[in-house]
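Record features (Swiss-Prot):
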BINDING   Gly13, Leu14, Ser15, Gly16, Ala17, Gly18, Lys19, Thr20  ATP binding site
ACT_SITE  Ser87  active site, phosphoserine intermediate
Amino acid sequence: MRNQKGVTVWFTGLSGAGKTTVAREVERQLKEKGYYVQRLDGDIVRQHLTRDLGFTKEDRDENIRRNSFVAKLLTQNDIITLCSFISPYRKARQTAREIIGEFIEVYVNAPLEVCEDRDVKGLYAKARAGEIDNFTGISDPYEPPQNPDLELRTDKETVEESASKVIEYLEEKGYINLPEDVLAG
């Protein structure tokens, strides 16, 4: 039996803030310790599960709703689910929390200029040139979490430091390293 309880760790932040990078490192460390982990990443999911959706507010909300449903199924089966989605709107993140239940909101915080510097795809430049509509942080708002469960400052921390904070939080809240008697009951 695994020493873990299902939970969704929801990484939110601007494009380029480091959501996927930190989630991959958390996934690597947890799997190395034998935990069952599944990572849902915005870029990958949009190629498969939500390819019919665009980037209007309504489509973004629907994207989050669908992914919340998948995360809920995984979480209910005691999988540690790492979700990396910009998820720019507070209300949609609150809806995700309500759908999923066991939910940890992680604000991956980096200043816009840092995110732009990290942008290898040139998306920010295209958005600033008017070539991409509804681009979060440029032509569409990002509503930062008001009370995230955890905040990572990826402009001031290494990837390993950020990942360690997430893993320590999971331990503190009793999602990993559970004693056998808790799991049996």
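Cβ coordinates are placed from backbone N, Cα and C, and glycine is handled just like the others.
Keep in mind the model is a prediction, meaning the values are calculated, not measured.
Locations of recorded Swiss-Prot features on the structure.
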residue	record	Cβ contacts under 8 Å, 6 or more apart
Gly13	ATP binding site	Lys19, Ile86, Tyr107, Val108, Asn109, Ala110, Tyr142
Leu14	ATP binding site	Ile86, Ala110, Leu112, Cys115, Thr136, Gly137, Tyr142
Ser15	ATP binding site	Ile86, Cys115, Asp119, Leu123, Tyr124, Phe135, Thr136, Gly137
Gly16	ATP binding site	Ala110, Val114, Cys115, Glu116, Asp117, Arg118, Asp119, Tyr124
Ala17	ATP binding site	Val108, Asn109, Ala110, Val114, Cys115, Thr154
Gly18	ATP binding site	Val108, Ala110, Arg118, Leu152, Thr154, Val159, Ser162
Thr20	ATP binding site	Phe11, Asp41, Gly42, Asp43, Ser84
Ser87	active site, phosphoserine intermediate	Trp10, Thr12, Arg60, Ile64, Arg93, Ala96
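A coil conformation is recorded for Leu14 (ATP binding site) in the three-state DSSP classification, outside any helix or strand.
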